[in-house]
Amino acid sequence: MVLGLFDSGLGGLTVLREIARRLPAQPVIYFADTARLPYGSRTPAEICRYVREILHWFEQQGVQRVLMACNTSSALALPVVASEYALKVGGLIAPAARAAARRGRRIGVIATAATVQSHAYTRAIQALTPRAQVWEVACPEFVPLVEGGRLLGEEVRSVARRYLAPLVEQRIDTLVYGCTHYPYLAPVIGDLLPASVRCVDPAVAAVAELAAALPPSRRLETRAACHFFVSGDPVRFAQAAYPWLDYYPQVQAVALPPLPAAQTN
């Protein structure tokens, strides 16, 4: 079985790294929609169209299962498009909500504007723990910082402090990284939070559930190949991905095929 992962850019590599750690024998195709980065400022209709195009392309590549390594797509597109495909399609919201709700009662979520506006995390967490209080904060400057390789320094601390201030004021006990780009900023974010706050990385939660659902052979130590594709500049993506993968990936640019007429509406 080939697993498809996709994100708008580098964020999904946090999911890929977790797969390499937990499921090293799992073959993966990773697609980064870098030509349309970031997704967080897109409309729900745009995001659903992009996701349909990616899933259609994954089908053509022989992918049997897809994990949306993007919270925005998981929040806005997964409930709409998953049933349209024979692929098994999963996302990040539900696993992260389950992880947050296990112990958290005052839960902060930092995410893209589109994810926050969907209130997907609030609904998912409160469906599990109705008494939980959830505060969601949009952090639109985080993705450009990560994609630009700016992960430390006073600029990053200043931006993070501004986003986290209302959550610290609410005395949260749990923080969900509601975008796969945000764990790259964990050293700064963690330094600005009280030591008692537990951070939830959706990549860890989602891959743990994926590992439990796959046959034991996928958990062997043999390393499977990962093939990388982008809609934008492959050289730029490879250079940006190198520090996080510890190797220089071979990346191929692709043009996503047009959707079948029945899916263009």
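For all residues, glycine too, the Cβ spot is worked out from N, Cα and C.
What Swiss-Prot says about this protein:
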| type | residues | note |
| --- | --- | --- |
| ACT_SITE | Cys70 | active site, proton donor/acceptor |
| ACT_SITE | Cys179 | active site, proton donor/acceptor |
| BINDING | Asp7, Ser8, Tyr39, Gly40, Asn71, Thr72, Thr180, His181 | substrate binding site |
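Locations of recorded Swiss-Prot features on the structure.
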residue : record                             : CB count, 10 Å
Asp7    : substrate binding site             : 28
Ser8    : substrate binding site             : 31
Tyr39   : substrate binding site             : 26
Gly40   : substrate binding site             : 24
Cys70   : active site, proton donor/acceptor : 36
Asn71   : substrate binding site             : 32
Thr72   : substrate binding site             : 33
Cys179  : active site, proton donor/acceptor : 32
Thr180  : substrate binding site             : 31
His181  : substrate binding site             : 27
Inter-residue Cα distance where the pair is Cys70 (active site, proton donor/acceptor) and His181 (substrate binding site), in Å:
9
Looking only at C-alpha atoms, tell me how far Asn71 (substrate binding site) is from Cys179 (active site, proton donor/acceptor), rounded to the nearest Å.
5
Taking the residues Asp7, Ser8, Tyr39, Gly40, Asn71, Thr72, Thr180, His181, which the record names as binding substrate, find the longest CA to CA distance and state it in Å to the nearest whole number.
12
Measuring Cα to Cα, how many Å separate Thr72 (substrate binding site) from Cys179 (active site, proton donor/acceptor)?
7
